[in-house]
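Inspection log for the structure reproduced underneath, given as structure tokens.
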Amino acid sequence: MKTLLLTLVVVTIVCLALGYTLTCLICPEKYCNKVHTCLNGEKICFKKYDQRKLLGKRYIRGCADTCPVRKPREIVECCSTDKCNH
């Protein structure tokens with residue numbers, strides 16, 4: 001009986017892990033509520049914005065397999081839970 005229970009627990013965990021897909025916010029505005037389902041292998045949500053004083057902040061949000069590299073005058077934030085890139 002214990003073996004059957006353990007087998008069911010392992011199968012459940014494997015099935016849940018295989019079926020999980022990350023969701024991230026994806027829009028160019030400061031306040032965002034558009035949700036995007038990431039592709040298989042994309043395990044990171046990110047938000048990038050630059051600090052140009054005259055033009056204001058320009059936001060880029062999305063999914064990635066790794067955290068994007070920061071460019072000069074750019075801030076990059078990465079996280080790995082659903083809709084964490086607000």
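Cβ coordinates come from backbone N, Cα and C, glycine included.
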Candidate cysteine (CYS63, CYS78) that Swiss-Prot pairs with CYS67 in a disulfide: CYS78
CYS63 - recorded disulfide partner, Swiss-Prot, among CYS27, CYS32, CYS38: CYS38
CYS45, CYS79, CYS84 - which one Swiss-Prot pairs with CYS24 by disulfide: CYS45
Euclidean distance between Cα atoms of CYS38 (disulfide bond) and CYS67 (disulfide bond), Å: 14
Close disulfide-bonded residues near CYS79 (disulfide bond), where close means Cα within 10 Å, chosen from CYS32, CYS38, CYS45: CYS45
Other CB atoms, at most 10 A from the CB of CYS24 (disulfide bond): 27
Cα-Cα distance linking CYS84 (disulfide bond) and CYS38 (disulfide bond), given in Å to the nearest integer: 13
Cα-to-Cα gap, CYS78 (disulfide bond) vs CYS27 (disulfide bond), nearest whole Å: 15
